Amino acid sequence: MPSNKSVSDAPIVQFTNCRILRDHQLQREDLWVREGKILNPEKLFFDEKGSADVQLDCKDSIIAPGFIDVQINGGFGVDFSLATDDFKSGIDLVSQKILSHGVTSFCPTLVTSPSSVYHQVRGLLPSHLQSDQGLRLVSGGGWVLPQISVRNGGTHGAGILGAHLEGPFISKEKKGAHPEHCLRTFEAGAFQDLLATYGSLDCVQIVTLAPEMRRSSEVIRELTKRGICVSLGHSVANLSQAEEAVQHGATFITHLFNAMLPFHHRDPGIVGLLTSDRIPAGRKVFYGMISDGIHTNPAALRIAHRAHPKGLVLVTDAMAGMGLAPGRHTLGQQVVEIDGLNTYIAGTKTLSGSVATMDTCVRHFQEATGCAVETALEAASLHPAQLLGIEHKKGTLNYDSDADFLMLNDSLYVQATYIAGEEVWRQDVSGM
């Protein structure tokens, strides 16, 4: 009779006494993991005649897919929009720290910045330094995009799915905390203008732009063709302009309600996409919500959720001050001030990112909307995975998907975080 080693020598771990979020329901089942993947126990029992090498009692915890944050500007004193010599150690720090918030994958987000932050602009260097070698000599690692690389998560921290570039092709009227002097428009080159600004799209997962901009349609088509998610935001677009952008390939809305025209009954603007009847067949529009109790009134959160529950994606929009004491911090080119849970551009009342953590956003969303626990958890896991087209491996506990998951208590506080089936963070015993 074949042993449980007939297919693989890797140990099989069985998580028992738990409720698993699968098929939109919490189900009292065991979770089986091998080689970083969720295992189908029926195939194990009947095809391999195998059994578990290790059993772990989960003490009636909820097991849910790991959270995915597609909009996070930094945290713990690190600003992803600042080109520094120790940028890589900064991104490593954030990826490690957010494990305690249940985040297993994320998109480091850059707000509107000068081109020299995205990449080294050769034309700004003396001619003798414009070779690749010369660029390396003067860079000191001082530009950002080439230092962001897609990588798997693990004990070192949450996985990186690619960068989210929020701006600079956005509306001056709805710039929010973005520096006006860095804003750009699409000129004769259109998509080439975008490439000239960013330098490379190799590690880019999402681009936020304003769809009312001239020639934005061709830019949206080109980005979509390259598998990059286009998000609409920081915009004064009316509904027909937003619908046209979706018809050209846009699939996301950046922090709904914030930095866009307010809902109006004769022209609901970008918000109207939630119930539009002009979305192409088979296409779903997702929308980000900052559920921190500051950026979006609970009533607005409820309206959005009830209008389009399957499209809601929880994001933190966290900035460098997350995890730090109140005071002054940076957000790209701006100085911001933290006052409690409020973050403003210093000296103004303009909101600028948040200091919320993803687990806090999940709990606030569930409390504010009264939705099911399953719904709240999927808004931070399944929905962002679907947005990025990675739901076959992330955002679910389906068989053969990545074993990135959380143990939570009934109040949705994270007790432990696992990536590829390996424990990467656990609440100390006193907090369990």
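Quick reminder: no glycine exception, Cβ is built from N, Cα and C everywhere.
Per TrEMBL, these features apply:
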DOMAIN    62-424  domain 'Amidohydrolase-related'
BINDING   GLU166, HIS234, HIS255  Zn(2+) binding site
BINDING   ALA177, ASN258, ALA259, ARG266, HIS295, LEU351, SER352, GLY353  substrate binding site
ACT_SITE  ASP317  active site, proton donor/acceptor
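For ASP317 (active site, proton donor/acceptor), the binding-site residues whose C-alpha atoms fall inside a 10 Å radius of its own C-alpha are HIS255, SER352, GLY353, out of HIS234, HIS255, SER352, GLY353.
Around ALA259 (substrate binding site), the C-beta neighbours below 8 angstroms that are at least 6 residues distant in the chain are LYS174, LYS175, GLY176, GLY233, HIS234, SER235. Cβ-based neighbour count (10 Å, all protein chains) for HIS295 (substrate binding site) stands at 24.
Taking a C-beta cut-off of under 8 angstroms and a sequence separation of 6 or more, SER352 (substrate binding site) has the following same-chain neighbours: GLY176, ALA177, MET319, LEU331, GLN334, VAL336, THR343, TYR344, ILE345. Closest to HIS255 (Zn(2+) binding site) in space, going by CA atoms and restricting to the binding-site residues ARG266, LEU351, GLY353, is GLY353. Burial estimate for the binding-site residues (HIS234, HIS255, ARG266): highest at HIS234, by number of other CB atoms within 10 Å. Set side by side, the binding-site residues ALA177, LEU351 differ in how many other CB atoms lie within 10 angstroms of their CB, and the most is found at ALA177.
Taking only the Cα positions, the spacing between LEU351 (substrate binding site) and GLU166 (Zn(2+) binding site) is 16 angstrom. When pLDDT values are averaged over the domain 'Amidohydrolase-related' (62-424), the model yields 92.
A 10 Å cutoff on Cβ-Cβ distances gives the residue listed as 'active site, proton donor/acceptor' a total of 29 other Cβ atoms nearby, all chains included. With the fewest other C-beta atoms within 10 Å around its C-beta, ASN258 stands out among the binding-site residues GLU166, ASN258, GLY353.
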